[in-house]
Amino acid sequence: PNKVSKVKMTIFPGLYYYRLSPLSLACTEDVIFQGPRWRTEPSDLILPISSPDQQATITCEAEGSPPPQYRWSLNGTLIDLGNDYRRHMSGGSLIISNLDKDQDTGVYQCTAFNTWGSILSRRASLQFAYLDNFKTQTVRSAVNVREGQGVVLLCGPPAHSGELAFAWIFNEYPYFVQQDSRRFISQETGSLYIAKVEPSDVGNYTCVVNNTVTREKVLSSPTPLVLRSDGVMGEYEPKIEVHFPDSVPAAKESVVKLECFALGNPVPEISWRRTSGVPFPSKVKMKNANAVLEIPNFQQEDAGAYECMAENRRGKNAVRGRISFHAKPHWLQTMTDTALSIEENLFWECKANGKPKPSYSWLKNGEPVAEGRVQIENGALSIAALNLSDSGMYQCVAENKHGIIYSSAQLMVLASPPSFSKSPLRALVKARSGSEVTLECKPQASPPAISLWKKGNEILQRTERITLLPNGTLKIANVTRRDAASYTCSRGRNINMCTLSSVVWPEPTRITMRPTNMEIIVGESIVLPCQIACDPALDVSFSWAFNGQLIDFQRDSDHFERVGGVSPPGPPDKVSVEEITDSTAQLSWTPGRDNGSPITGYIIQARTPFTVGWQAVDTVPEVVNGNMLTATVVGLNAWVEYEFRVVARNIVGLGEPSPASAKTRTEDAIPDTAPTDVGGGGGTKSELVITWEPVPEELQNGEGFGYIIAFRPVGTVTWTRAVISNIGVARYVFRNDTIPPFSPFDVKVGAYNNRGEGPFSSIATVYSAEEVPSVAPKRVRARSVSAAQIEVIWEALPAIPERVLGYEVVYWEDDTKPDTVGKVRISGNYTLVNITGLKANTVYYLSVAAFNTAGPGPQSAPINTTTKKPPPDRAPLNIQWTMIGSTLTLHWDPVVAMETESKVTGYLVGPSLLHRYNDINSILTNKTTVALSLSANDNYLIQIKAMSEGGEGVGSEPIHIHKLSEFTVLFPSSYHSSRAALLVLVAGMGARGSGASCLSPLYLSAALISALLCSIW
């Protein structure tokens, strides 16, 4: 029932009250969000290829009500766990048994779902680590050097997956080569470098390769080092043999190691520096006689150009390279679970940081959100005029090339009648005669209800003094004594009443303690009191005057201070760019009002055409305190148009931002970011295809941007270069008839603009186009498995010059119509495939070919086979069953196949448990009767199908058998117990009919029970 409270009121000059009683109804604040949310998400796994337990567990757990269910995908394809004997779930976790590198390697993703919606987990990769043996175990060729000469002994590690660690044995185990200023082992290549050979170095050297994941260890054949007899090598300047790439990408918080080592006589000394002149922080370590520079916990300020210098008395040499910073996306702002009324508007925004800047997408229940009513702009999602179908689980996805992250929230769209329980009117409202009274009417309702105000029994209309706002608020201006009355607000069927009542004003506002005359010594500090007495419902403000002039506490803060009544500072003003370079900007500004509390600091924000809104930027000094009105912004991108603004803070919090500065473009510069993800391969004969990830526009650093592609056959010295001025191109094809098929090339891609050439990417190995397999598979055989399936078997190809990535089976119905061709591809060295979805009783022609990236090779000679006739399209009829105790005996009429159908070879009786996931083993029989033993505590569903060479026939109508324990038939004590247990039930389509029957003794009529008792008697 609705509750109404009325209080009368008489107007006097002074303040007025209105009182209301609280009502009760649930609102959006009471909503419990029960959609799935993650407890544990999958994590990356790397396992030894010969894992002893041969099992992998990828964890996944979510909470929600009802408890979530799960499904898994591999490389974007749903895993059919029902037909996969190696994979199963435990809870939500995926367990993979009998691991297979080819089938199980990839990216996994878990989906959790319940009745409220679905959410996707983060992606997790499963990889396998291994280490092959060296290809040859014969003694390697001797390396002949002079005393005093430098030498490099190559390791050439075998094929592997997983991180490697290298060491070298001198002559015999356990005498390992000790690294010092003269000897260095590269952990990048595994090679051993001796800057200056001495007679004691003569001997046999063996490379030891360790896989840090599998703990496997393999040894190369010994390499003899022999001194030449034609004299000692004279002194010569350093020659740097080990140096880091021109461009080194580094992830946030990773450990970066740069190697640098030189040959020379005398032994060179290695030193490091940053080309910017900035000294190394204390965390940077030099190891192995300065041959390794290690930067732990890599951060953006560590990015830049580094130089390694090797020096002896004969001269010096230096190499440079640039470390670029990148970071996976991480959340700055996410959305939260939201409940809104129908027809309201939704706005969600998520923000992530990362380098490069992440892009955004949105999912609803695990699927991409379709635009239309839903508006998506970068990280913002908005829906106008919500309806109930908009409810569900939403995810904001932020992604760059280094990672992807998901943020989830539930949207509940509510529809409910009005209620005042959560928003009763205040018990008392005060107003002075002649002032304005505001009465709010805001009940909880979905959608918002339309309000109606009454004064007594009279419906209020708008007048010059009475205002009725759309949100239900009533305003009465210039209140007089005639306005005293009972005011009632109603929305829908709910009524809330308020009454303006007379109140005796206890006392007017007055100053109870005022400043008094004082004599003080110049330089002392004093406090002048000001205390008042007033009604607690009033808002009071204070102001002070000195000699009749109001004191400006902002301007005269060094002399006057007001205690109490503080708020965040006002916006700074006049933000200007005093000086700008390619990566920095000198800013200045004027302060805003401190609003009663000194400004403690400033935050600088910037915006470009490439950012989503305003972003905080790094400054020098790192912390800008409240006394500073200038700062230098660092870490800007060259040749990008920036706007800046300043936000002040005090002890209360952040204030409003300043107006934006004028747009200013940074100066241009040589590109400092190399293209990434260099790769390629494929193409047609005599082609080398090179691809890369383009450099984003904001990192191109100037006009005239383009790419430089450099490549050379592996093992050669001279680079071939090509220039591409089209910034939108990310692919280059080099054609030359002399290129051998599937030949490895060293490839790197650099960037340039009008200012010059920037760094090159790391060197990648790319293979030229390969030739198709030259031999067709032999001994191809096929057999019909059913009316819709053919099994094809062939003999694997022997070793041929071309690669074989798998096999392709081509099939067609009519040898004269090649346009009816279908094909199935299978990767790996498999020699059997099942072709499904075929027509029954149809001749199919088949041919098999091997394939690789260049395409399929020659096809085998065609063979043909005919699919089986289809199974009968009729279900078994006239099913009868008899139950004695827990044994159910079934009888049915035989199914006779027509001439165009496969002969019946038997029947499949499939019992299963109702409302349970596990099935009971089906029974195959060649008779038309079968006996089943059933549990007394389960409900069963039974179906019968005819079996034939063409497959399974049509199933009978399902037969429902309810719990045997629910049969309750009372017999006199003289009845024989075996007779009392006999119950014969006949299908529902007559005495010998077929069809669905739901047998539940709970509903047996009294007449049927009597008939059964008589027959037993």
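Glycine is no exception: its Cβ is also placed from the backbone N, Cα and C atoms.
Keep in mind that TrEMBL annotations are predicted by a computer and have not been checked by a curator.
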In TrEMBL, one of 659-683, 859-883 is tagged region 'Disordered'. Which stretch would that be?
659-683
Whole-number mean of pLDDT values that fall within the domain 'Ig-like' (238-324):
93
Tally the residues of the domain 'Ig-like' (42-127) by DSSP class, grouping H, G and I as helix, E and B as strand, and everything else as coil.
7 helix, 45 strand, 34 coil
DSSP-assigned states of the domain 'Fibronectin type-III' (875-967) in counts, ordered helix, strand, coil:
3 helix, 46 strand, 44 coil
